[in-house]
Amino acid sequence: MKASVVLSLLGYLVVPSGAYILGRCTVAKKLHDGGLDYFEGYSLENWVCLAYFESKFNPMAIYENTREGYTGFGLFQMRGSDWCGDHGRNRCHMSCSALLNPNLEKTIKCAKTIVKGKEGMGAWPTWSRYCQYSDTLARWLDGCKL
């Protein structure tokens, strides 16, 4: 009985092959150092919340949304059809693979471009759904040393 419970719990801890998950405080530090804290008025907590709900802190995440016909790239799941690559508008002027680097430099640069637009962070429906009106945003930085 104990062995099956332990094995079940271990199954939840195993990260799929190829995944590169950053810790919450590591993400917060990189975003802070990249100048996102209060960039265009959005707190660092908002950015960390967005990163969690978009990619679960996986900077190498690629998600193909076949229902809506787009592919999201990186920590913030930026749409290839709008923000990166050779076959779309490429508003961030970079390849989509550049958004998959764990150093997050290009990701932060592109995020700044996106949030300067008329929708702000509302450009990410996930932010509107899970972060915008959250009364627990402070938890995203709990215990983090920036």
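Just so you know, glycine gets a Cβ as well, placed from its N, Cα and C.
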Of the residues CYS131, CYS144, which one does Swiss-Prot pair with CYS25 through a disulfide?
CYS144
Going by the disulfide annotation in Swiss-Prot, which one of CYS110, CYS131 is bonded to CYS49?
CYS131
State the disulphide partner of CYS110 as given in Swiss-Prot, choosing from CYS84, CYS92.
CYS92
Kindly state the mean pLDDT of the domain 'C-type lysozyme' (20-146) in the predicted structure.
97
Helix, strand or coil at CYS110 (disulfide bond) [DSSP, three-state]:
helix
